[in-house]
Each structure stands twice: as C-alpha cells, then as structure tokens.
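Annotated features in TrEMBL:
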DOMAIN    244-283  domain 'RING-type'
Amino acid sequence: MASSIGKERRVNPVLRISQLDALELNKALEQLVWSQFTSCFHGFKPGVLAHFEPEVKAFLWLILWRFTIYSKNATVGQAILNIQYKNNLSQTEKYQPLSKHQKLWYLILTVGGRWLEERCYDLFSNRQLQSFCKIKRYINFGSGLLKLCGLLNFLIFLQKGTFATLTERILGIRSVFCKPQSVRQVGFEYMNRELLWHGFAEFLIYLLPLINVQKLKLKISSWCSPIAGLSNSENTLAAHGKECSLCGEWPTMPHTIGCSHIFCYYCIKSNYLFDMYFTCPKCGSEVHSLQPLRYKIEMTELH
C-alpha cells in the first residue's frame with residue numbers, strides 16, 4: 001500500500017477535466033477526418049460509401065492509431081494537452097511506455113469494437129430468420145452490458161480520476177503528464193478591459209435616450225452662427241429668406257414660427273413634432289405659431 005502511494009506521488013497525476021478534454025478532442029479529430037474524407041466523394045454517385053462505411057472508418061482509425069498510440073503512446077488530444085499513456089501494470093516507479101500487446105489490444109478494443117458493432121448492425125438489421133434474431137439479441141445484450149460497464153467505470157473515474165474509459169481500465173493504462181506542470185500565470189488585464197468597456201457601454205445605453213440630440217445639435221448650430229439683426233416685417237423675410245434656417249437649402253413651402261427666420265414646412269414640422277419645446281436655431285425663439293409665408297419668394301438667386 002505504501003509503495004503504491006509512493007508511486008502515485010512520483011507520477012504526475014492528470015486532472016479529470018484534462019482527461020475528458022482529451023477525449024473530446026479525439027472525437028472532434030475523428031469527425032474532422034471523416035468529413036474531409038467524405039468531401040472527396042461529393043462528385044460521385046450518392047451512397048457510394050454506404051456499403052463500405054464501417055470498413056473505411058476502420059481503415060482511417062487504423063492510420064490514426066499507427067501515428068498516435070503506436071508511435072507516441074498518446075492520442076492527438078492527449079498530445080495537445082501534454083498527456084500520454086503510461087503502463088500502469090509495470091512495477092517500477094519511473095515512467096514506462098505501453099507494451100506492444102497493450103497497443104494491439106487497444107486497437108482491437110477501440111477500432112475493432114466499433115467496426116464490429118456497425119457491421120453487425122448492418123448484417124442483422126434486415127434478417128428475419130430465427131437464428132439471426134437470436135444472434136442479434138445476443139449482440140444487443142452484449143452491447144448494452146458494455147455500455148453499462150462503461151457507465152460504472154465513468155462513475156468510478158469521477159471519484160478516483162484514474163481511468164477515463166473502460167478500455168484504459170481493462171488494459172491497465174492511465175494518463176500522466178509528459179513533463180512536470182509549471183504554475184500557470186493568469187493575467188487579468190484583458191478581463192479588466194472587457195469589464196471596463198462593458199460598464200461604459202451600459203452607461204451610454206442608459207444615458208443616450210435621456211439626451212435630446214436634435215435640440216443639442218440645434219443649440220450648437222445657433223452658437224456657431226451669428227444672429228442676424230433682421231426686422232420682423234414679412235417684407236424683410238421675403239428679401240432675406242434665401243435659405244431654410246434648418247437645412248440651409250432654398251425653403252420649400254416657407255413657414256415662420258414668429259421670429260425673423262423662415263423654414264421649410266417639412267423641416268420645421270418634423271422638428272416640432274419631435275420636440276415640443278423646439279426653439280429657433282438662429283435666435284432661440286420658441287414656436288408661437290406655425291404660419292406660411294404670405295409673400296411670394298422668387299426661386300432665383302438674389303445678388
């Protein structure tokens with residue numbers, strides 16, 4: 001017992017989340033390889049791979065096994081996370097790679113097991129003979145029993161964190177770190193910037209609806225434009241009203257609000273509907289009454 005505890009301390013243990021992440025990376029890699037392989041047959045007749053799909057998948061997984069488990073003692077997901085398999089059956093305290101028998105049995109249990117399950121399902125799915133039905137029931141019973149054992153193994157893994165899959169427990173292989181893990185340095189600069197920006201954005205979203213942008217723009221334009229000392233008579237309006245005080249163009253359907261400036265009807269009406277406290281951007285007068293200009297203004301440039 002003491003020797004096994006010492007052995008556990010000598011070996012760098014792998015976190016449960018790291019082992020589960022490695023399994024998910026392996027599944028993602030298999031899906032990527034299969035999708036890339038099937039994309040090569042898009043120009044062929046549909047269903048050309050349907051009859052040989054289990055064999056083709058087994059051949060692809062065999063190639064992956066050759067360049068991962070067989071040569072590096074680690075899957076692709078484990079290699080990314082700095083993890084590899086260790087022969088847990090060895091009695092030495094140092095790291096021991098997997099034996100050839102363990103690698104071959106890993107191939108048989110993973111690749112061969114999946115191929116057998118898919119091929120048997122295709123063989124016995126359309127068979128109606130009594131003998132085939134019995135074999136199918138036996139296969140379904142064995143598949144269900146293996147899945148139940150896998151569930152029990154996963155519950156034990158959550159408690160002890162040693163063997164993530166049933167294959168690892170049967171073969172006596174476990175995941176260990178390739179190199180000692182260093183202390184991770186976590187930087188919070190990016191998080192602080194994100195929190196500051198989100199706080200500032202929420203403040204703007206709350207503040208902007210409270211600001212009358214149109215009125216503020218008109219007030220700024222009134223400060224920038226000098227107030228012209230025009231008379232209040234409509235003759236003066238007709239003589240000097242060459243442009244709308246809002247849009248700066250020749251006034252269309254010119255109207256007045258009681259001051260010495262004129263506006264396009266649509267400009268003044270839309271602004272007054274938007275802001276009932278609208279004031280003239282030139283002189284700051286409030287809207288007393290919206291009246292059309294009674295004198296005809298020639299649509300020519302006044303020189």
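Using the three backbone atoms N, Cα and C, a Cβ is placed for every residue, glycine included.
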Grouping DSSP H, G, I as helix and E, B as strand, the residues of the domain 'RING-type' (244-283) number 10 helix, 5 strand, 25 coil
For the domain 'RING-type' (244-283), the averaged pLDDT of the predicted model is 79
